[in-house]
Amino acid sequence: MSQDLLSAVLAILRINVLLLALASAYYIRLFAVQTNFGRVIHEFDPWFHYRATEYLAANGAASFFRWYDRQVWYPLGRPVGTTIYPGMQFVAVWIWRFLNFLGPAWEMTLHDVCVFIPAWFGVASTAFLGLLTFECTRSVDAAICAAFIVAIIPANLVRSVAGGFDNECVAITFMNATFYFWCRALRGRSAVWGAIAGLAYFGMVASWGGYVFVINIVGLHAGCLSLWRFSTKLHRAYTALFLVGTGLAVQIPVVGWTPLRSLEQAGPLLVFLLLQVLEGLSIWRRRSKLREEDFRRLRFQVLLGAGAALALLASVLLKLGYVTPLSSRVRGLFVKHRTGNPLVDSVAEHQATSPRAYWQYLHHMCSMSPLGIVVSAASLTEVKAFLVLYGAVTYYFSSKMNRLVMLLGPMAGALGGVGVAWAVRWALRQFGVEAPSEEGDGKGDAGKGEAGAQNRPADKGGWREILEEVKRPLREAYQESILQRKATAGLVLLMVLVCGVEFIGYCWTVAERLSHPSIIKKQRSGDKETIVDDYREAYWWLRDHTPQDARVMAWWDYGYQINGLANRTTLADGNTWNHEHIALLGWCLTGPEEDSYEVIRHLADFVLIWGSPGGDDVAKSPHMARIANSVFGDLCAEPMCRAFHLDRETKRPSETMKSSLLWKLHAHGEEDVQVNPNLFEEAYTSQRGLVRIFKVLNVSEESRRWVEDPRNRKCDAPGSWHCQGRYPPGIHEILAKQKAFQQLEDFNAARDAKAEEYQKAYMSEAEQHVDAPGWSSLNRKASKLSATDLAPPPPRPGAPELGRSLTSPCMLTEEGVREAARAAQMQGVGLPALVLGTVSSADFPQSALVAAGRQATENRQGRPALTGNATSDRFAGDFVVPMTCNQMYGSRWKTALAEKPEDRPQLLSLR
């Protein structure tokens with residue numbers, strides 16, 4: 001095959017793969033829209049963002065930034081315009097108006113635009129990541145591979161499926177754009193490209209608080225380059241980015257002067273000052289024509305003096321309170337700690353990332369990304385150094401907080417693409433297939449063949465000569481082992497093919513699972529699937545059957561949905577900015593019925609709870625009690641509130657829970673449980689009992705009028721729009737017991753002895769909670785089953801066949817079992833039963849898991865076997881599987897339970 005023909009074939013192949021990557025980036029995010037769910041906004045936070053977008057579209061930017069929303073956090077309210085990152089809302093409105101401008105054929109509702117934005121920006125993010133990879137490697141193959149990987153990798157899908165209208169879906173695109181333009185600025189016309197990078201960074205700042213990560217990555221890269229090989233080009237690029245980006249960022253109300261005052265962003269500011277000093281010294285050197293030795297001495301003296309002056313200035317500013325210290329959460333990314341905050345502990349994404357999660361979200365990129373780092377580091381350039389730094393820093397921070405795993409998606413795509421492209425090119429070269437050279441492929445001497453490095457002159461007596469002496473026999477042995485290289489190359493190509501097919505199948509399977517909205521669910525019974533829409537129906541009932549000014553009390557998770565779907569006032573939403581207010585909410589729900597009523601009648605007209613058969617709010621109620629106890633201190637005798645629980649065996653509440661308002665609302669009408677008819681009245685129960693709404697009787701109209709009176713609000717200035725509401729006098733008795741919560745590692749606040757004593761007791765009891773009776777036997781059984789494959793059930797008819805992973809992702813380890821059980825216990829559902837395997841598995845008939853499952857079933861201590869006419873719903877809350885298996889095979893576990901009794905998993909009882 002001639003070189004021209006090969007080039008033409010490769011060009012066509014590359015174009016098609018790139019188009020396939022962009023198409024995959026779009027369609028893989030549309031599962032929810034293309035299935036029975038339709039164009040639905042998912043989860044909780046997206047409903048807040050959609051509501052804010054509606055307000056912006058209806059009232060304009062000026063009103064938006066002066067919007068004090070009194071339908072949320074009643075009676076306090078929230079200044080939305082100055083506490084929100086508004087970039088996504090503005091983008092959505094601009095797209096909506098542009099589509100309407102194009103004419104009727106393009107018109108879409110604002111709601112539908114918000115549904116599709118994650119998919120549209122997923123395509124843009126893929127394109128920018130491919131450009132970034134090309135800019136760093138100058139390899140078209142690496143860029144296309146990176147684009148294809150990042151288009152479908154689960155870590156990049158977590159917050160970007162259609163309907164997931166959340167900050168990150170737009171912010172990740174701006175992040176990739178910032179990184180691309182920054183690396184491009186280091187190649188030519190540095191000031192222009194640096195300014196464009198600053199504009200992209202402004203988009204990131206406007207969209208998400210994670211902008212701090214972006215500017216610190218760029219600042220770290222620029223700082224390292226300034227110490228390695230400073231140049232005027234570097235100075236111009238970073239100066240333009242910093243001045244444009246920061247100058248625009250401070251215009252966003254929620255950001256303000258934070259970039260110049262926060263210790264979290266002090267690094268990029270110091271790098272900016274360092275580059276100005278270095279550039280000034282370079283100009284001085286060129287004009288004065290100093291010798292190299294004299295210049296080095298001058299540079300050392302100047303930098304030493306500037307450093308001392310900056311240290312003195314920083315200490316003065318810290319004393320004056322101008323510079324804000326690191327927040328406890330940011331500091332927690334650098335020191336080993338736990339928060340001691342029951343509110344933070346109740347949010348799963350704030351926990352440290354488990355090793356298993358990396359496989360779940362990255363799959364085979366766990367092994368290809370390190371290869372990409374090695375390949376990049378082997379021929380290090382200024383821009384390749386960015387990829388290496390980006391990979392190392394992102395991995396470190398993602399290990400500290402589960403939520404930050406999403407930042408690994410672009411990094412894994414870029415480095416994985418580099419690794420895959422290099423492996424394929426090397427393997428083809430062993431068979432004499434030499435792909436046409438790519439522009440600036442970064443090969444250097446290595447690209448001229450294995451003998452290329454032999455022609456480089458070695459430094460006499462230097463370290464290069466010593467290194468050359470070490471490498472020479474290895475190079476000779478490599479060149480002589482032709483047969484071994486061809487065999488290895490064949491194996492590499494086979495591995496890339498097999499793992500690539502498996503990776504693609506895995507990503508599409510996981511994408512389907514990630515696309516299921518929590519607000520609508522599917523329920524399967526035999527061969528029939530039904531849509532469970534209780535939650536939206538309950539919110540619509542509120543919208544249609546309650547007064548416009550009705551106030552709804554619900555746990556803070558559901559506030560965004562109540563505001564967005566029912567358009568009713570809520571006492572709290574999904575934000576966690578006010579710990580004490582959420583604690584008051586928890587106290588009302590978990591306190592004794594009559595005591596709670598005396599507070600609720602001053603604040604709410606209706607109380608809404610989630611009450612599924614497993615008891616969503618009941619399962620969360622231990623968290624509610626702990627949060628309330630952290631502020632009021634009179635709900636439980638100890639911080640973990642162990643007396644507030646539901647017995648796993650009998651499904652009966654403890655005495656403390658039994659007397660709580662939440663339990664009476666949840667179990668109202670069952671057996672002998674009734675709410676006091678003089679206090680509450682059942683108003684609505686959804687079809688499947690997932691949502692219950694109760695009307696509060698004898699509501700205090702005096703308190704309502706007091707809160708609505710503008711004279712009782714606290715304004716930041718006379719005549720200002722920023723006027724915070726206040727609690728009515730009717731609840732001052734409970735507020736008198738309130739003590740502001742102080743986190744154990746809130747390093748910005750003065751120490752409080754009682755608060756510190758509480759938090760130490762909380763941490764101590766939390767550890768004992770994990771090591772409670774029953775854990776020891778769990779650990780012993782888990783350790784015996786380490787590194788054993790967990791066999792999946794057969795796929796349902798018509799389901800795609802998933803390849804077997806060469807690295808066995810479904811591992812049952814002691815750490816995995818403890819993690820699953822700890823997560824279940826933190827959710828208040830006690831110790832779960834653990835799926836050990838499929839009894840009649842054709843894939844692993846002699847699996848140790850199967851044998852252990854049989855033995856566990858035989859030793860159930862008289863408990864009835866879970867067979868016969870049991871349905872999938874019966875099992876849904878009774879077992880867990882290792883995370884990777886659950887994510888990979890999804891509902892197929894339940895399908896096997898419902899359709900094939902002979903293949904049902906055996907359960908190991910941990911009771």
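Just so you know, glycine gets a Cβ as well, placed from its N, Cα and C.
Because TrEMBL annotations are produced automatically, they should be read as predictions rather than curated entries.
For 18-407, the entry in TrEMBL reads domain 'Oligosaccharyl transferase STT3 N-terminal'.
Here TrEMBL flags 551-602 as domain 'STT3/PglB/AglB core'. Within the model, the domain 'STT3/PglB/AglB core' (551-602) carries an average pLDDT of 91.
Per TrEMBL, the feature region 'Disordered' maps to 436-459 (among others).
The region 'Disordered' annotation in TrEMBL covers 786-805 (among others).
Summarising the annotation, TrEMBL assigns transmembrane segment to 6-28 (among others).
According to TrEMBL, the transmembrane segment annotation covers 113-134 (among others).
The transmembrane segment feature in TrEMBL is assigned to 140-158 (among others). Within the chain carrying the transmembrane segment (140-158), a Cβ under 8 angstroms from the stretch's Cβ atoms is held by residues 14, 17-18, 20-22, 24-25, 28-29, 122, 125-127, 129-134, 172, 360-363, 365, 405-406, 408-410, 412-414, 416-418, 420-422, 424-425, 435, 438, 503-504, 507-508, 510-511, 514, 887, all 6 or more beyond its ends.
The transmembrane segment annotation in TrEMBL covers 179-202 (among others).
Sequence annotations record features per position, and here TrEMBL assigns transmembrane segment to 240-260 (among others).
The feature transmembrane segment is assigned by TrEMBL to 266-286 (among others).
TrEMBL lists 298-318 (among others) with the feature transmembrane segment.
Positions annotated as transmembrane segment by TrEMBL: 371-397 (among others). Using a Cβ-Cβ cut-off under 8 Å and counting only residues 6 or more beyond its ends in the same chain, the transmembrane segment (371-397) has close neighbours at 133, 135-137, 179, 182-183, 186-187, 213, 217, 220-221, 224-225, 228-229, 234, 333, 404, 407-408, 411, 414-419, 422-423, 442-444, 446.
For the transmembrane segment (404-424), same-chain residues at least 6 beyond its ends with a Cβ under 8 Å from one of its own Cβ atoms are 125, 129, 132-133, 136-137, 139, 141-151, 153-159, 168, 172, 175-176, 179, 210, 213, 353, 357-358, 361-362, 364-365, 368-373, 375-376, 387, 390-391, 394-395, 397-398, 492-493, 496, 500. Here TrEMBL flags 404-424 (among others) as transmembrane segment.
A Cβ distance under 8 Å defines the sequence-distant neighbours of the transmembrane segment (240-260), meaning residues of its chain 6+ beyond its ends; these are 65, 81-86, 182, 185, 190-195, 197-199, 201-202, 205-206, 211, 215, 218, 268-269, 272, 324.
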